[in-house]
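Quick notes on the structure that follows.
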């Protein structure tokens, strides 16, 4: 029992039964089965000091303050929370769109971590299966909400680039940094990991790349000219069919992960004495309320980010594609990524791989096809044609990651290779300029710094 929980139980014994029951499932089994995502995010959390709450003279106010303390101050990222009201104030006061964009990005970092925390708290009460489904839905809530807002505003390119960037960031940046840092810190020691989880994730990622490549290959096979309109229509229908296939594959993956082969995805224990077991520190109803509240805040800031990305692009001299592919994914999952690196330093690579590959799989096989289906329902023409450069980068990244993880042993050179791949791809998008008016087009203009010529890539 944590210090805060013990203090609350002593003061409010009627709540003790609920907190104890929350540690067990509906049938009395332990509900402490935790995913790699939850264990990674927990690395940035801190225990609250219950002594401050006990000093409050007005007793009925103590549970409320304890709840607020856990929700807002129970993370090492609490210092970034002021960016949330500042972003809202800057937007209301028309302070400057660049400031709104920057403050919104900073505010999304602690909100994403708190959503992960609240999802875990609810999962303790609902059991591992419902908790796993909840984690699968809310695990990348920031990327999903940003994609939906961009989709509703007709910014198809922002949707595609941000989702592509999330996959690239997880496969190359997060995994590469983790393997490199873990390899340096644990130099000379064995750094094993379970290949089974990596094989399942990379197999799904290859299926995702195939489904995203088919509309692109169809467009090149049919060609332009008199068949271009028919090819676009066929490509859109093919994209919707592939999206349905991807969602069905993801459902099968969830059943595989949560039911039939759950043992393959159980993360390594962090401490031998069981200190890593998650305990309920807030109630079920409170968790639902705060989850809804944090999700609303993420939606508000996501709308600000989508609405100000183009003015920020012009102000910073960066392309919208570069900001969407590089900056948005890094900020959106900064807390989870930092946790993955911390566990790599402890030589707990199964957790690191579960975070990086799990997030990439969730984006590729769930968020991307869901965006296409939502666009279909809303009457918006969004397909899976991510264009040649983007699709090629994704294909190479998946193949490089699959080959890197094939032997079950890690070292720092693997991290260096993945990081160099990410740097090269990032440099490519840095010099790429998206022409205006190409909201859902397939052309990319390449702006060369010398300004002597422009190459148009089909």
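For all residues, glycine too, the Cβ spot is worked out from N, Cα and C.
In TrEMBL, the transmembrane segment annotation falls on 318-345 of the listed ranges 66-93, 318-345. TrEMBL assigns the feature transmembrane segment to one of the listed ranges (39-64, 351-376), namely 351-376. Feature annotation (TrEMBL): of 412-432, 433-453, the stretch labelled transmembrane segment is 412-432.
In TrEMBL, the annotation transmembrane segment applies to 200-218, one of the ranges 200-218, 219-237. Tertiary proximity for the transmembrane segment (163-188) is limited to same-chain residues at least six positions away from its ends with a CB under 8 Å from its CB atoms, namely 140, 143, 147, 205, 324-326, 328-330, 332-333, 337, 340-341, 343-345, 347, 349, 352-353, 355-357, 359-360, 363-364, 367-368, 371, 386, 390, 393-394, 397-398, 400-401, 410-419, 421-422, 425. Tertiary neighbourhood of the transmembrane segment (238-256): same-chain residues 132-133, 136, 200, 204, 207-208, 211-212, 214-215, 218, 361-362, 364-366, 368-370, 372-373, 376, 382-385, selected by CB-CB distance under 8 Å and a gap of 6+ residues from either end. Secondary structure of the domain 'Sodium/calcium exchanger membrane region' (288-425), assigned with DSSP and counted as helix (H, G, I), strand (E, B) and coil, comes to 115 helix, 1 strand, 22 coil.
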